[in-house]
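Quick look at what Swiss-Prot lists:
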- Asn55: N-linked glycosylation site (CARBOHYD)
- Asn62: N-linked glycosylation site (CARBOHYD)
- Asn67: N-linked glycosylation site (CARBOHYD)
- Asn192: N-linked glycosylation site (CARBOHYD)
- Asn641: N-linked glycosylation site (CARBOHYD)
- Asn700: N-linked glycosylation site (CARBOHYD)
- 217-280: region 'Interaction with gL' (REGION)
- 1-29: signal peptide (SIGNAL)
- 30-719: topological domain 'Virion surface' (TOPO_DOM)
- 720-740: transmembrane segment (TRANSMEM)
Amino acid sequence: MRPGLPSYLIVLAVCLLSHLLSSRYGAEAISEPLDKAFHLLLNTYGRPIRFLRENTTQCTYNSSLRNSTVVRENAISFNFFQSYNQYYVFHMPRCLFAGPLAEQFLNQVDLTETLERYQQRLNTYALVSKDLASYRSFSQQLKAQDSLGEQPTTVPPPIDLSIPHVWMPPQTTPHGWTESHTTSGLHRPHFNQTCILFDGHDLLFSTVTPCLHQGFYLIDELRYVKITLTEDFFVVTVSIDDDTPMLLIFGHLPRVLFKAPYQRDNFILRQTEKHELLVLVKKDQLNRHSYLKDPDFLDAALDFNYLDLSALLRNSFHRYAVDVLKSGRCQMLDRRTVEMAFAYALALFAAARQEEAGAQVSVPRALDRQAALLQIQEFMITCLSQTPPRTTLLLYPTAVDLAKRALWTPNQITDITSLVRLVYILSKQNQQHLIPQWALRQIADFALKLHKTHLASFLSAFARQELYLMGSLVHSMLVHTTERREIFIVETGLCSLAELSHFTQLLAHPHHEYLSDLYTPCSSSGRRDHSLERLTRLFPDATVPTTVPAALSILSTMQPSTLETFPDLFCLPLGESFSALTVSEHVSYVVTNQYLIKGISYPVSTTVVGQSLIITQTDSQTKCELTRNMHTTHSITAALNISLENCAFCQSALLEYDDTQGVINIMYMHDSDDVLFALDPYNEVVVSSPRTHYLMLLKNGTVLEVTDVVVDATDSRLLMMSVYALSAIIGIYLLYRMLKTC
């Protein structure tokens, strides 16, 4: 018997005893023998170990031979050969080896392993002190808290922007409702599985615990990142091929038990006041995970109070995610994506720890935190998962219950920003049927307010944050199509060349606090015609900055993989160049350079030879049908003047195109004020040029040429205003005469 095994069995027995006393199994003995000869039979790696009911052996004692009982009724003796006629004898309670937990442990230990194989196993896995040499400890104080306090939104609105208040229909307040709630269980996902963790692992004993799994499969079954979350710790599994994956285990780890000869200290890479990080990776895999040797690996996740959820999201996850997105590393497994996955798992872990604080939290703050958790989950799926994704969505029943109650209780959500987050939570938790039409109507009105605010200015960080959430709503719901179509056209109209140019300039800045800073409406809009080739054609004399490819890469990553939530657009091939415009409740337009979709088409004739532009009008109630053939066509009428009476030109799109380059800009005009703004020569939206033309795509399905249009602003509305003003003047004059007479 090789040296060290007796000590190992003693340690094993102590572990078994402690687990038996603390587990739900308890200590128990088998009441009946397995057969007539043996008391216990264990299968260890397919080789049975039999414990005899009765057996004797001879040993030398004071120069005399005597028999010694090896197996007794209440104990099992282990005799280990030391030298000729010398044994180490250990007596252990039989009940330690007779219960289900004992079988679970012993079946994971190969007691028949040869010395050569044992020595090979010693050199298989990397040890931190020997192979990584990058151990670090952090001494910061850890406390569950929220550094944003009661701030209702992560990014606050500009001081000069008035946030609309929410109007709610009269409802009955549920009994027992209070304005503030404890954080207990609020951000804790539902642990819907009982997992056998580390089953069959070379180094670890398996453990049974409530948990949840979330996998992100990049290309195939061999390349993935998997998150396993338990009550006390989480595991990040990184697989690059079919070999043993790397494990990052973080948290409170007394239940993570190592097999001999390894000990926990051999694998501790990072250590904080309350938690440890273990890394288990084979030596021959270190070349693929060389970042484990970097002394600053995971510093941005662990060198502050990471139990502060808001600080964790800002300082850690968003920092890593921004780096991944800007560098185009989505769908790759390297240091950046591994750190991002770890920060995501740490956010889930910290969110579940919020209940430890036992503090009260307002409804708007709770909604913002929960929406932030769901938003980073959505980004993880977008960035890492293949298409279509196979990732299991996490469920938050307590947060959903809070959202439902707040939705039907007056005065609980007063600002539109809180309503946006509430609806976002319900939509991402498969609760679309609970979202009322009045809620989405107000969100669409908020989108229109942002549209008007930024007609002549670049988007603020706050606007990008809100449009990010609303853009996701558009593509994740099937209900309330009218309101979703309105939000969709707002995002499409905001995706201009000016916005794309400004967005590329933003990417040149080295620091971005949140992912929403890198959001552009182009990501959620109907514009699918931006490409590096097209931008190069539009600006042939300009040097394309390095941030332009990064911007287009971000668009490619963040854009939805389908338009299936819109029945009249779902069949559009997203790999082709087009613009989809949902200008009104019933009418959509698709702008392409070839016939692509069935409908009423308006071919544009004022383009050079070799260039084509086709505008196809579809009905929102008609199922999308792909076609490459010419179909029903109408001619485009030139309009010489526009009247604003009856708002006939409201809910339309102004399309700017070039004879040689095709579509340049698209602007959404919701009401008469937008039309006046667009056609006012002082705003330089419509600029006279021999090669540039302007079309207006109307809500009634008509397309007009408006390059030389004149706006008739003397409509009945302005006339009535003049009449009212004149009447007021006359009234004041008559009142003056009466007072003077008196």
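These residue numbers are counts, starting from 1, taken along the chain as shown.
Just so you know, glycine gets a Cβ as well, placed from its N, Cα and C.
Here the features listed in Swiss-Prot are placed on the structure.
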residue: Asn192; record: N-linked glycosylation site; DSSP (3 states): coil
residue: Asn641; record: N-linked glycosylation site; DSSP (3 states): strand
residue: Asn700; record: N-linked glycosylation site; DSSP (3 states): coil
Local confidence of the prediction over the topological domain 'Virion surface' (30-719), expressed as mean pLDDT: 86
Listed glycosylation sites (Asn641, Asn700), ranked by Cβ neighbours within 10 Å, top entry: Asn700
Cα separation, Asn641 (N-linked glycosylation site) to Asn700 (N-linked glycosylation site) (Å, whole number): 18
DSSP helix/strand/coil residue counts for the region 'Interaction with gL' (217-280): 4 helix, 31 strand, 29 coil
Chain-internal residues, separated by at least six, CB under 8 A from Asn192 (N-linked glycosylation site): Leu212, Leu395
